[in-house]
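A.B. asks: According to TrEMBL:
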- 37-69: disulfide bond (DISULFID)
- 47-58: disulfide bond (DISULFID)
């Protein structure tokens with residue numbers, strides 16, 4: 001592959017994908033983002049219960065918790081929600 005082909009591929013990828021991080025949240029000012037992860041997971045599920053999955057702000061919570069939380073944690077929490085043992089209220 002020539003340099004010009006790789007430049008085209010990179011430009012194509014950049015047009016398809018926008019990499020960004022979760023914006024600063026003053027409730028979680030420390031480097032440890034564990035609580036931020038957990039709260040965003042809760043916020044997403046409360047939002048979906050109240051407004052439905054297609055509601056745009058719910059999608060922002062989804063993207064945030066997916067960026068912040070390890071996949072193994074969210075799998076565990078999903079299992080707890082299904083079993084009715086999740087340690088927080090998800091009622092809106």
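Note that Cβ sites are derived from N, Cα and C of the backbone, with glycine treated the same way.
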A.B. asks: Taking only same-chain residues 6+ apart in sequence, whose CB is under 8 Å from that of residue 37 (disulfide bond), what do you get?
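C.D. replies: Listed in sequence order, they are 65, 68, 69, 70, 73.
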A.B. asks: Can you give me the same-chain residues 6 or more apart in sequence from residue 47 (disulfide bond) with a CB-CB distance under 8 Å?
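C.D. replies: Looking at Cβ-Cβ distances below 8 Å from residue 47 (disulfide bond), excluding near sequence neighbours, one finds 55, 57, 58, 61, 92.
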A.B. asks: Let me check the 10 A CB neighbour count of residue 58 (disulfide bond). How many other CB atoms are there?
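C.D. replies: That number is 20.
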A.B. asks: I'd like the Cβ neighbour count for residue 69 (disulfide bond), meaning other Cβ atoms within 10 Å of its Cβ, all protein chains included.
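C.D. replies: A 10 Å sphere around the Cβ of residue 69 (disulfide bond) contains 19 other Cβ atoms.
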